[in-house]
Structure formats: C-alpha cells, structure tokens
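If you look up TrEMBL, you'll see 1-26, 635-659 marked as region 'Disordered'. For 16-26, the entry in TrEMBL reads compositional bias 'Acidic residues'. Residues or ranges marked as domain 'Acetyl-coenzyme A synthetase N-terminal' by TrEMBL: 36-87. Look at TrEMBL and you will find 95-477 tagged as domain 'AMP-dependent synthetase/ligase'. The domain 'AMP-binding enzyme C-terminal' annotation in TrEMBL covers 544-622.
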Amino acid sequence: MTDEPDVELEARLEEQDSFEPPEEFVEQANVTDPGIYEEFEENWPDAWEQAADLLDWDDEWDEVLVEEDAPFYEWFVGGELNAAYNCVDRHVENGRKNQAAIRWEGELGETRTYTYQDLYREVNEFAAALRDLGVEEDDVVTLYMPMIPELPIAMLACARIGAPHSVVFAGFSADALATRMNSADSEYLVTCDGYYRRGDALNHKEKADEGLRGVEHEVEDIVVVDRLGDKLTHFLGANYHDYDELVDDHDGERVEPVSRDAEDMLFLMYTSGTTGQPKGVKHTTGGYLSYAAWTSHAVLDIEPEDTYWCSADIGWITGHSYIVYGPLALGTTTMMYEGTPDYPEKDRLWEIVEKNAVDIFYTAPTAIRSFMKWGKEHLEGRDLSSLRLLGTVGEPINPRAWKWYYKHVGDESCPVVDTWWQTETGGMMVTTLPGVNEMKPGSAGPGLPGVDAKVIHPDKEEVEPGQAGHLTVQKPWPGMLRTLYQNDERFVQEYWEEYSDPDSDEWIYFPEDGAKVDEDDYITVLGRVDDVLNVSGHRLGTMEIESAIVGVPGVAEAAVVGGDHEVKGEAVYVYAITEEGTDGDEDLRERVVDNVEDAIGPIARPEEIVFTPELPKTRSGKIMRRLLEDIANGDELGNTSTLRNPDIVDDIQQRVSDD
Ligand code: ATP
Ligand code: MG
C-alpha cells in the first residue's frame, strides 16, 4: 500500500473510466479466450454442456434443453447426479482428501478446519441421522442457522439424501421462520442454541421455538446445534435432538448419495423481500449446480488450490451459490466467518485475509462503502498481497467505491468483477470475465457468454447506447429458477408476463431491474424499475442520482426517494451518510447539489438533503426506500420489523423536523 494521499488517488483514478485486466492475472486465468462469447452464440444451447461437464454425472443427460413447456424450461434432461457427491466425495476420491474444504472462523477468534475427508465423514453421519429421523427424498428440511460449519454440512447432508433444504437467514424473525416453514410444508428444522454478535451470545433457539409456535402443521423433528457449549438443557419435547449426539449415534456410518434427476429440486430459497412478499424460488440439481460451478470457474476464477472467501451469509443466495455449492463443486477451500466485519476492530476482515492468505474475495457494495467510511488506515497494517481477484454483488457499485476497492484492497493488481444477478437467476448473469474483458467502474459488464441480456423499451426494441430501459434476459440459462414453490401462476406473472408473447412462443425474462447500456454492450444496472421517480414528467432512476451523490468525496452512502410535490408531482429527497471526519454542513450540501446537477441535470436537483449516521436497512444490507418515502411524505411509517436498525427511523424523522 502506498502513502499516496486520497486527493491524488482521486484525481488520477477519477480520470480513468476503464481498466485492463492485470497481465499476471490473465496469464493464469481459467477463461482467457474472447472467442468464448461467439462459441456460446454459435453453439447454443449445447455450449452449456461445458458447464455440466464440470460435474460428475451418474447418468449423462439426453437433451441439453427442453423448451416444450416454456417458460417452464428443463435443462440436462435425463441426466442424474448428486450434489453432495459432486461437492465432497469426488474430491476425496481424486486424492485431495487432506485438503481443507471449509475454513471457519468464529467471531471470538476460534477456528475450525474441515478437510474434504472431514466433510465427507460429517456429511455422511448427519445424512444418516436425518434419514433415521424419517426424512425422505423430497421432504423439505428448514435450516435456520447462522454462519457455523454445521450449516453447509446440513445442506450437503440434505442434498445427499435428496431432501431439498430451505435455509432461513438466522437474522430473520420468528415470524419469518414460521411463514417459510408454512409455505414449504416443512416438517423438519435444524437450528442452533445461539451464536455471537459483537461479542454477545445471542439466544437463537428462543426465536426458533417462537417461530415453531407459528407453524400450522405438525413439525416432526427439531435438531439443535450446541454452538455456545451450554449443553442444551432446554429442549421442549421428545422431538428435539442434540446435533452432536445424533452424529455420535451414527458414528462412521455412510449413506449412498441418492441419484437425483437433473430437474429434481435441490433447494428452495425465499427472496430477501426488499419489495413485497418473499417468493419461494425453486432451484434444481443439475442446472443450478452446473451454473454455480461454471460461474465460479469462469468469473471467480476459482482453482482447487485457492483459499476463497465470500463474505456473504449462507442465508442468502450468494452464500448458497458462492460459499457452498460453486466453490465446493470445484474442490477449493472456502472460508466462512461467523461475525461482523468491525468486531473487535474495523480491520477484522483484512486480518482474516492476511492470516489465511485469501486469494479471492467477494463482497457487497454496502460493505465496501462501510470500509470507505471507516477509512483506509484499517487496511494499512495488513498484508493483502495474496489477493488475486475481487468481486461485488447485491447492488450497483458507484465508480468511486469501485475505485476505492480496486486501489486500497486490490492494490491495483486485482481485477474487480461487478456481478449482477438475483436469487432467481441462481448465479451471475451480467459481469465481465476477469481474464477477458476490460472493466468499467460502475458498469457490471456484458451478459456472460450464453446469457442473452438486453436492455429494452416497452416496445421491446433495444435502447440506444446511453439510454435507460428495462433489463431482460431473452434466452433461458441452466441456473434459472424453475418456478415459485407451488405457485406456477405467480412465477409466470412475476417474471414473464411483462414482455413475453405466449402466442408466438416468445419468452422474455424480466428481472424488474432498470439498466443502461453503452456502445460496447456494457450494462449499468440502475436498480429496480419501481425505484424510478417522475419529476415534472421526467423519469429519473434513483440509482443514478444516488451514484452522483456518492461520487462526492465525503459522502459514504446515499438513498434517494420521491416525495410528493405540488408542482413537480414528485421531488428528489436525499438521505446521505457522511464519511468519518466529514461534517454534513452547507458546503457539503452544495457540493451534492452541484454534482447531481452536473451528472443528471437541474431537473434532478434535490428538494431536501438530510445527513444521517445510518440508513434504514434490511438484514441483507439493502436500503428500505419505502420507509424513507414515508418520512419524506410525512406519512405513517410502514412495517419496520424486518429492519436491522429500526431505531434509526425515529432519528431520521427527528432530523427532518429539526431542519
Ligand atoms: P425481492 O426480490 O424479494 O424484493 P431482492 O431483489 O432484494 O428481494 P435478491 O435476489 O437478493 O433479492 O437481490 C437481487 C437484486 O439485487 C437484483 O434484482 C438487483 O436489483 C440487485 N443487484 C444484485 N447485484 C447487483 C449488481 N451487481 N448491480 C446492481 N444491482 C444488483
Ligand atoms: Mg428481487
């Protein structure tokens, strides 16, 4: 790390709007041939076989893609495989039993390493235990667990016996657990007694018990992991079991991995619910696993000898695809961290990178903005030279945050992949290939090879470069959701109805995000289409305005919402967090206004700017804009129960009325 002051860095990097992949990276990258785009186009859909070929199949597929019942597409039809076998057994068989599969670090600093042999043993024993409890193929097992190794073990144990899992993020409430168990008719629950957050032991089991009271059907069995070491004395009935005892009872047992049809459900995952009711997204065994493995190989550039770290929670799709299934299918070492990034100090993540010599790091823009806010001094004492590739997912990343990440974490020697995708897509869709494409900060990149991403107008014509429109995907892909659980109708409504034309059998997937495209087909995702303001008849994307605001040095994060306005219809309301050491004063306010006017035009001039220490966020770190809208309009506040930081709402209201 150099001592170059931020000002110079800003000046130098600000100028630069594209970056070539570093040569040393390209030399060793998994995918380096630019011809891969053409190869997929010419040989579509058969080119997808190279994704499926990353796996071991019990039975080869007969057909790559069956489109007969579109949009209920089927992939690798006739093929059979087992996901746990692919993520564990085959690496043991291939002579890598002593390699670390999972390296886990608890918040208090304790560590555990599972070699592939350890993982094999543990997954088998727990699979035997689940079966003994009565779990059968196709029974949905709910996993309400924090970031402890027993979570991926339980996922793989389920996969081994063909029981789909439904992971419920541990930070979710008892109600959220009940809703999801009810929706999935799930009769089995694996949970734990508690876990650590900022040094405190949280009582998780109490929440699980409360959730269970809201389950409308009979729950057969509940398995509880003893994370806190308090010997779990508070079981509520005979159907409660201690995880360790179960595994001990099945010591040394082996369970033959069940051959699953490619199209059999691997898991169910409810979307984060940033907009409306969570949807039960169904992912399959063959297509999903191929896609997770392929994107891990092509985009994350994962090799078996790497130590790879995705700092998401396994409770989100990112953790499913890129902590568990993708990395383990490729036989690498995947890291898990239990705690928060600023505990005990703000350099915790960098300490983990240094200690484990992490090669690849994948995180979210919201985390990167926190790192920026905390300041680069927290990285400076740490040796991050092991890093080879950086990634982000979850939200648009503004160029300033991208460049900060590139410079201060990657030391200008790691490509940064900005990956657009969703729970529904199963894996990455729009991003650069790090060994092939140049990077343009703020723009995710082109659709991946074989992914037909297009930005279109309501008339389905593609937009001109520079114009905004709706992001669509015009061909199916192996990782796509197959339906919403027991709700085929809503599946068609949510994702296909807007742009498809069933009469001519034309199916267009609409992810409900807005985007722009440039002359090189690079896509800049602007956010959800419902996050568009109508100011005096001009449609303005909130993300674009936000990007202009966080482009102002001193502003760490911003949320823009529309407030009712007598004349304009809607007006731009800004809620912004300042960086540590910066005051939210008149001067900063002016600079924000100037930057917005420069970037978008006077039409986007903010009506009001409120500086606040935090923004209301969901548990997955996404800003709850609808609450800010309520505040802007002086309306009664909507539900705040899914917020990570509910107290901030009052605080912001106070600031607004003080102004
Ligand atoms: P719900 O669908 O229940 O409202 P959600 O959309 O927040 O919740 P996810 O599937 O976790 O649930 O998030 C996917 C969304 O996140 C995308 O549709 C997009 O809006 C945003 N997103 C993800 N990655 C990126 C990225 N790299 N750039 C821009 N936006 C992104
Ligand atoms: Mg969504």
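Easy rule for this one: first residue shown is 1, then count along the chain.
Just so it is clear, glycine is given a Cβ too, placed from its N, Cα and C backbone atoms.
Heads up, TrEMBL stuff is auto-annotated, nobody curated it.
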Give the nonlocal contacts of the compositional bias 'Acidic residues' (16-26) in its own chain as ranges (CB under 8 Å, at least six residues past its ends).
32, 301, 388-389, 399, 406, 412-415, 434-441
Quick one: DSSP breakdown of the compositional bias 'Acidic residues' (16-26) into helix, strand and coil?
4 helix, 1 strand, 6 coil
DSSP-derived helix, strand and coil totals, residue by residue, for the region 'Disordered' (635-659):
12 helix, 1 strand, 12 coil
